[in-house]
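Structure record follows, encoded as structure tokens.
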């Protein structure tokens with residue numbers, strides 16, 4: 001029986017050179033490649049399919065776009081997911097991709113699982129958190145052979161594998177419907193100004209339209225459901241919002257990120273929809289619909305949720321526990337937020353919710369609904385301990 005290995009395949013340089021390496025260096029008879037569509041460009045999927053058909057023994061392309069948005073992106077929106085300001089598009093996609101690879105591997109009777117991640121990044125951990133739940137061997141050629149990008153380019157050319165990157169522009173790009181990351185090459189130098197050519201989703205703010213774009217975003221139970229009154233599926237909504245926000249220059253991040261291993265890395269991201277959808281949900285509707293105690297506690301929950309998601313630990317029991325609280329807290333986060341997008345800036349213009357705890361009548365300076373004299377007793381004891389402390393210190 002042929003000795004099979006299942007490879008998580010993106011069509012990029014790293015995973016493409018893994019195919020001959022797994023045969024030549026690791027002795028596998030067949031390499032089954034699995035590409036998972038989580039919103040990459042259609043041409044990228046086609047390019048990966050065409051390449052895999054030529055150099056692998058069997059290839060799968062699995063459409064997981066709607067599943068990705070429904071089961072991974074929407075929970076992130078409800079959790080206000082963010083790691084050091086990063087919207088975690090790559091982070092939340094990896095566990096889903098890994099699970100689809102495992103499913104295909106079992107179908108094929110593979111004895112091993114492989115990925116093309118390096119030993120310096122986070123993705124090796126995210127993939128293997130899922131892979132190592134199986135009894136199959138786990139192989140990481142990039143890490144185990146300590147490969148460099150230049151070596152891979154030469155090796156690919158020797159084996160007739162088409163190479164999109166070059167030694168002078170070795171950008172590594174990872175893309176799904178939620179975000180696009182660009183790293184590597186000269187971008188690793190924090191003092192290097194990224195060339196405009198690395199950006200594809202977002203217009204330079206200087207070249208964005210002169211007229212602002214105003215949109216109404218409808219939310220139900222914490223997730224977006226409509227754009228300017230039009231109901232949309234999750235994937236269609238995020239895709240459309242990427243287009244609108246991106247053409248108005250919204251959604252670029254250039255940051256120094258703390259990786260799981262402790263290394264600091266320079267990362268460039270594009271995430272137009274993520275920038276827009278997290279803001280309206282996290283501020284206007286939540287702040288008007290949840291109590292102060294809920295909001296305070298939810299910040300703690302959101303931070304812990306984000307860390308687990310960034311680490312790829314979505315099968316950790318605590319992750320499910322946190323989601324239970326988040327889902328319950330978001331039941332009342334329903335309403336419409338009006339947003340203005342203009343030359344890279346996002347501004348919340350207005351919000352309305354049937355569940356708002358805000359009362360214009362109660363808070364108005366002109367309202368007599370609340371007798372202001374009633375707060376006098378509260379004011380007398382507000383800061384009481386600080387006053388007592390001051391008296392004690394003044395006596396010393």
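Glycine residues also receive a Cβ, built from the backbone N, Cα and C atoms like all the rest.
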From 85, 89, 109, 116, the one annotated by Swiss-Prot with 8, 9, 10, 11, 12, 13, 14, 15, 16 for ATP:
116
Using C-alpha atoms only, work out the spacing between residue 91 (L-citrulline binding site) and residue 8 (ATP binding site) and round it to an integer in Å.
15
What is the separation, in Å, between the Cα atoms of residue 14 (ATP binding site) and residue 123 (L-aspartate binding site)?
13
Whole-number Å only: compute the distance from the Cα of residue 123 (L-aspartate binding site) to the Cα of residue 172 (L-citrulline binding site).
13
In three-state terms from DSSP, label residue 12 (ATP binding site) for me.
coil
So, in DSSP terms, is residue 181 (L-citrulline binding site) helix, strand, or coil?
strand
Would you mind checking how many other C-beta atoms are within 10 angstroms of the C-beta on residue 14 (ATP binding site)?
19
For the ATP site (8, 9, 10, 11, 12, 13, 14, 15, 16, 116), what does the 8 A shell look like? I mean other same-chain residues with CB within 8 A of the CB centroid.
18, 48
